[in-house]
């Protein structure tokens, strides 16, 4: 019994760590299981699919991997900034489990981020223990397991991205660096050069190296550690630090990290902060040299050099400041590109223009209206944000009293992470560790002051005096920190994201039914040369074509369809209209087909993929990228729908025109300009009004309208509209926007009421497929003479999709000099499942003629004479 009690006293923390790990497994693996292992093995988000692509290619070519990918950002190709750590970790795991492609490989990869999230309790424990104590460390390890928000979402089953490993290795680097410092401080050089002592900074160097190999911009840990040293030297009279051993630990750490990075340092032509280039190597080596210079300054200080030259105690801090200024100045003079790259890191906290439409880039504490909010703080950290802030303030107060170097270092890190968080909400997954560590400090102090630790000690045999009232209060505070945080995490962990079935089915169809599938599948697994520049189109070994969609979907198109997307989630291929740059934004927001054709011709577009999100919510992002700034996108939007107290549904140009006490539908209705864009004509109008684009595939309906279809006739416009209005009003009562399928219906309703007569393209008020694929074709050219009094010619045909939905294709052209010319994209004998089920009806005045178009005529742009 005594042995068991003794063991528990010594290793009690292990039981808490095991409990934390089990809770983490529940949140990260068990909760989202059914959303990942479903109709396929569904990886989350976008970037995990690109890792899947890289890992599949690496397994095929092991141990070689690609550093340039001509399969994306077509036709130029992209340099690959996804680091080797996760690529090789996933490849080795796939090889070990004989899962080298497809669903079996994705099943293995799905567990990697969750494992990283579970293991994160260890570096958080280490870091907290080295700065505070074991009790706070155990609490921090428990808290990091239940932090909700970005950290949870990026360490959940299926989300195989490097983000969890960024956070993991950054905290590991800080923890092992401070561990090395704590083990070295107070010892002479001969003792610290022993194998056991040297192991500490070597391990720290390995963790920094792995951090950079997980994320190319991970070199930022070097200036953070140098900042630790800078303040330790500048505040030498205040901070209690063993500066000599601190400098030596840094020298060894940076040297080892440079060696770890060295094999991957030359995979990009030039310097870059994100691609694997010599830049990171120079930062790490330069940091080692700077640390060595700090060591030399401290040696001079020890022998009284600064006193002898008349500088006194201010000499050493002054020397450090001068050295820092000289180094920065030399960088700007000798290598301005290097310095510019270094300073570019600062821009991550000041996103502008289109970048502000990226969800993970938007400033953390502000709404899109510019209002300050703490909503994100609650969603991403639960109660731990507030406990963490209290912990930071307490730590700052305690530092002023104790003057501890590790505590100062941790505060510098916390401040740096807070600044990053302020600028971009994506850095919430970094700040999670800050909130856990400092919440643990705050709770540990509370537990100590309120006798909870005494009560726990009494439970295993101690006889401490305590106040049960205090203990109860401590438990209440613990509950306030833990319970709401866990409840949030539990609610957020049930869904892992990723492509829905409509998207997956559409891209699987594309892979199997668009030209040259075998060539693309073979080329997908090859190694590619890395060009010196990607400013010019890549030289492909066979005739290729591009697929244009919004950048969110580029990785899915590449990984699932094995086709070449023009835009991708690296924000490549987006383009703009203000500088006339061909790309996805300039294509989809094009206000006429001729401009869209200019873009498509430049980028060799063959297929267009649109979804209901691009048609509705994501259109705003496309407009901002195209126009260059948030306010400039407003021209695509008009007024609002409302439900009045008298029970009528109305439209108002502004909120000021809405009757008092009305329910405002939280949905901006598009302006006339929107309805003239390519995105509207493709998805909303099903291609009506277009000459060179035809639908070839339609996915199933959005989920909500698929469920409505059991009670509503989707061909009955009145029933569809009433259902949409009812849903919109019911959701508006709670301030919630209509579902996307309903937004489409309301967009169509607004068009019929406001703009249809002027624009002349009839639209049926009905939902349609979530994803649509269009083919760009030359089109059959039908031309002929008309009567003298005819000013326009209209064409229509009924089209039936693979979902058995029918719609009317319409096009109207002007008559010039008694002659009309219309280009028709659909053929009646197409191999694609979407095709006309009636002849084209061509009408000029009172004359109507029918015509059947053949696939060869559409593909070759043949001219057909038909006088009216």
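Glycine is treated like the rest: Cβ placed from N, Cα and C.
Here's what Swiss-Prot has on this protein:
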type	residues	note
BINDING	47, 161, 163	Mn(2+) binding site
BINDING	81, 162, 426	glycophospholipid binding site
MOTIF	357-360	motif 'TIXE motif'
MOTIF	613-622	motif 'DKi motif'
SITE	47	site 'Interacts with target acceptor peptide in protein substrate'
SITE	360	site 'Interacts with target acceptor peptide in protein substrate'
SITE	618	site 'Interacts with target acceptor peptide in protein substrate'
TOPO_DOM	1-16	topological domain 'Cytoplasmic'
TOPO_DOM	185-199	topological domain 'Cytoplasmic'
TOPO_DOM	304-312	topological domain 'Cytoplasmic'
TOPO_DOM	397-404	topological domain 'Cytoplasmic'
TOPO_DOM	453-468	topological domain 'Cytoplasmic'
TRANSMEM	17-36	transmembrane segment
TRANSMEM	102-131	transmembrane segment
TRANSMEM	134-153	transmembrane segment
TRANSMEM	163-184	transmembrane segment
TRANSMEM	200-212	transmembrane segment
TRANSMEM	216-238	transmembrane segment
TRANSMEM	242-262	transmembrane segment
TRANSMEM	280-303	transmembrane segment
TRANSMEM	374-396	transmembrane segment
TRANSMEM	405-423	transmembrane segment
TRANSMEM	428-452	transmembrane segment
TRANSMEM	469-494	transmembrane segment
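With residue 426 (glycophospholipid binding site) as the anchor, the candidate binding-site residues are 47, 161, 163, and the one with the nearest CA is 163. Nonlocal intrachain contacts for the transmembrane segment (428-452), taken as residues 6+ away from its ends with a CB within less than 8 angstroms of a stretch CB, comprise 120, 124, 127-128, 131-133, 135-137, 139-140, 143-144, 147, 149-151, 154-155, 163-164, 166-167, 170-171, 364, 376, 380-381, 384-385, 387-392, 394-395, 410, 413-414, 417-418, 420-421, 464, 466-467, 470-471, 473-475, 477-478, 481. Of all the binding-site residues in the list 47, 81, 163, the shortest Cα-Cα distance to residue 618 (site 'Interacts with target acceptor peptide in protein substrate') is found for 47. Helix, strand and coil residue tallies for the topological domain 'Cytoplasmic' (304-312), in that order: 5 helix, 0 strand, 4 coil [DSSP].
In this structure the C-alpha atoms belonging to residue 162 (glycophospholipid binding site) and residue 47 (Mn(2+) binding site) are separated by 9 Å. In the structure shown, the C-beta of 161 has more C-beta neighbours within 10 angstroms than that of any other entry among the binding-site residues 47, 161.
By number of Cβ pairs under 8 Å, the transmembrane segment (469-494) is matched best by 374-396 from the list 102-131, 216-238, 280-303, 374-396, 405-423.
One residue stands out among the recorded positions 162, 163, 426, 618 for having the most other Cβ atoms within 10 Å of its Cβ: 162. Each residue contributes its Cα atom, and for residue 47 (Mn(2+) binding site) and residue 81 (glycophospholipid binding site) these two points are 12 Å apart. Highest Cβ contact count with the transmembrane segment (163-184) among the listed stretches 134-153, 216-238, 242-262 falls to 242-262 (criterion: pairs under 8 Å). Residue 81 (glycophospholipid binding site): 19 other CB atoms within 10 A of its CB, across all protein chains.
When each of 17-36, 134-153, 200-212 is checked for Cβ pairs under 8 Å to the transmembrane segment (242-262), 200-212 comes out on top. Per-residue pLDDT, averaged across the topological domain 'Cytoplasmic' (453-468), gives 80. Outside the transmembrane segment (405-423), and at least 6 residues removed from its termini, the chain residues within Cβ reach (under 8 Å) are 127, 130-132, 174, 178, 181-182, 224, 227-228, 231-232, 235, 239-242, 246, 348-351, 363-365, 392, 395-396, 398-399, 430-431, 433-434, 437-438. Highlighted: of the candidate stretches 17-36, 200-212, 216-238, 280-303, 374-396, 17-36 has the greatest count of Cβ pairs under 8 Å to the transmembrane segment (102-131).
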